[in-house]
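In what follows, a single structure is set out as structure tokens and then discussed.
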């Protein structure tokens with residue numbers, strides 16, 4: 001609603017919204033950000049994924065099985081704080097390595113691993129000398145998806161040791177550590193250069209429900225901000241549909257309920273669809289929502305149902321990311337809830353920022369739809385269309 005004439009708020013409103021340059025400036029900044037962000041989202045293969053490290057003590061020997069993005073390590077990319085390999089100086093080297101077959105890549109991975117393991121710290125009544133064991137490299141497959149290479153590390157543990165500490169090498173990005181073969185196993189997440197607390201070899205350092213819940217909130221949040229540009233654009237598509245709060249609440253609620261359902265089903269392993277199918281459909285959902293913003297002025301019940309269906313797709317995308325981290329068996333539900341809360345907080349942040357930059361100032365203005373919502377939706381549709389083609393054909 002436009003403020004009443006003559007009030008101080010009204011004078012402020014006129015100063016803020018009458019100048020044509022203000023509409024243009026904010027709109028141009030928004031569109032430039034969308035285009036630049038899209039240019040740095042060049043396929044899922046470039047997203048930095050955490051390493052998964054499963055370890056246990058067998059007959060006095062530590063065995064650790066790593067699942068990692070070997071191409072990023074071999075290319076020499078510093079993964080600490082890195083979200084997307086496109087921003088690294090070695091991006092072209094990474095892309096070249098990603099296309100290699102197992103036989104071509106294995107000698108490079110072996111050479112890297114033998115040097116890298118020297119920076120890997122495991123202390124159990126003294127240093128545990130680690131050696132590189134088997135290396136398993138899958139075929140290249142779809143190079144628009146990350147390839148997970150297996151590297152085995154083995155080393156003798158000092159007799160009588162009751163606990164160990166693991167130091168994750170600096171520059172190696174994030175790692176999910178999971179203890180196997182014991183009751184109440186340790187599960188933790190480290191960044192490069194960090195060290196675990198002392199982990200009892202017999203178990204007993206399992207996360208509490210509260211710790212698991214808290215640890216997985218940032219995992220869900222960072223999947224939206226800054227990593228989830230496709231999810232960000234979908235939420236913005238919902239935001240630009242109407243200048244009224246009620247349609248926004250209905251749309252976001254339908255999306256939230258739907259992706260929560262498939263996130264839970266996917267995390268429990270009851271539903272799984274290949275990401276090469278899900279990701280183009282997610283891009284298509286962005287196009288649909290943005291195009292309808294241009295032509296529709298009223299929220300119909302069928303749009304809410306369509307958004308619910310798209311939410312099911314996005315939930316499968318969330319589940320695939322959560323699968324990269326894994327969920328602690330003992331605290332499955334708290335960790336799942338924490339991840340979902342993080343996702344919701346990320347979505348609310350997107351809506352809050354959009355409202356702060358545009359909605360608060362312009363939602364009640366008659367030129368908002370023509371000057372802001374439609375151009376922004378058109379740009380979102382173009383980006384979604386490009387991603388759809390890229391994920392299907394390129």
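Even glycines carry a Cβ here, placed using N, Cα and C.
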Practice task
Examine the ranges 21-39, 40-58 and name the one recorded by TrEMBL as transmembrane segment.
Solution key: 21-39
Completion exercise
Checking 192-209, 372-389 against TrEMBL, the stretch recorded as transmembrane segment is 372-389
Exercise for the section: Would you mind telling me which of 326-344, 345-363 TrEMBL tags as transmembrane segment? Expected result: 345-363
Problem - Which listed span TrEMBL calls transmembrane segment, if the choices are 170-187, 224-241 - result: 224-241
Exercise for the section: Any chance you could find the range in 248-271, 305-325, 345-363, 372-389 with the most Cβ pairs under 8 Å to the transmembrane segment (277-296)? Expected result: 372-389
Fill in the blank from the handout: The recorded stretch from 305-325, 345-363, 372-389 sharing the largest number of CB pairs under 8 A with the transmembrane segment (248-271) is 305-325
